[in-house]
Amino acid sequence: MKFSDKAAVYFIMGSKNSGTRNPLKVLEAALKGGIGHFQLREKGEGALTGSALLEFALACQQLCRSYGVPLIINDLVELACQIDADGVHIGQDDAEAGQVRQRIGKEKLLGVSVHSVKEAHLAAEAGADYVGMGPVFGTASKADAKKPAGVQEIQAVATAFPFLPIVGIGGINPENAAQVWRSGVAGIAVISSITEAHDIAGQIAALQAGRIEGDRK
Ligand code: TZP
Ligand code: MG
């Protein structure tokens, strides 16, 4: 599957990211609002495991399928294979990208988090369809997040690999999204901008609006 940058807001959530709201309701609102990808990232205190995680993943998948939006699973390659998810996203400390590509086959999406031109090169060689880069800004959503990196390295990767889709991540909101779009990303990935929004569709539109404003073309 090729990474599509048509609908460019990439939503990430686990069952514990939606506060007092039902995560499946939040996901459905985000799907209605026009997200282009959904990543199930089940982490942190109280994270679901085993059959509860499987059930939640299947519920997410059913919703994503009904809106024609690819479901990508963070880290858990075997869960992705078990439910026939559309793709997998891994970090530098997870399984080796080439091995994950072999495991999931060439039809599935593979995303890899990278922090430099060198890591982007290795990810592309290993068969990544897109790379995630961040945190661009400060974030409270990832306990072990690195220091905010700004957009400089994104610009360097976009220049070095013009055909490799980049997704910016970390602390992105409607106020700063245009800066990220301008750096050359194909998409922006958000957790809290959507999970904490009262008007989820409005928030997605506002994140997208930065794209038009910031588009280089
Ligand atoms: N990887 C880098 S920053 C981040 C992840 C998963 C968290 C992004 O969450 P938010 O709430 O959009 O800053
Ligand atoms: Mg990971």
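Glycine residues also receive a Cβ, built from the backbone N, Cα and C atoms like all the rest.
Of the residues proposed, N74, N173, the one TrEMBL records at the same 4-amino-2-methyl-5-(diphosphooxymethyl)pyrimidine site as Q39, L40, R41, E42, K43, S113, K142 is N74. In the vicinity of ligand 2, defined as a Cβ distance under 6 Å, the following of the binding-site residues L40, R41, D75, S113 are placed: D75.
With a cut-off of 8 Å between CB atoms and residues at least 6 apart in sequence, the same chain places H89, I90, G91, Q92, V131, G132, M133, G134 near S113 (4-amino-2-methyl-5-(diphosphooxymethyl)pyrimidine binding site), listed in sequence order.
Here the CA atom of N74 (4-amino-2-methyl-5-(diphosphooxymethyl)pyrimidine binding site) lies 10 Å from the CA atom of D94 (Mg(2+) binding site).
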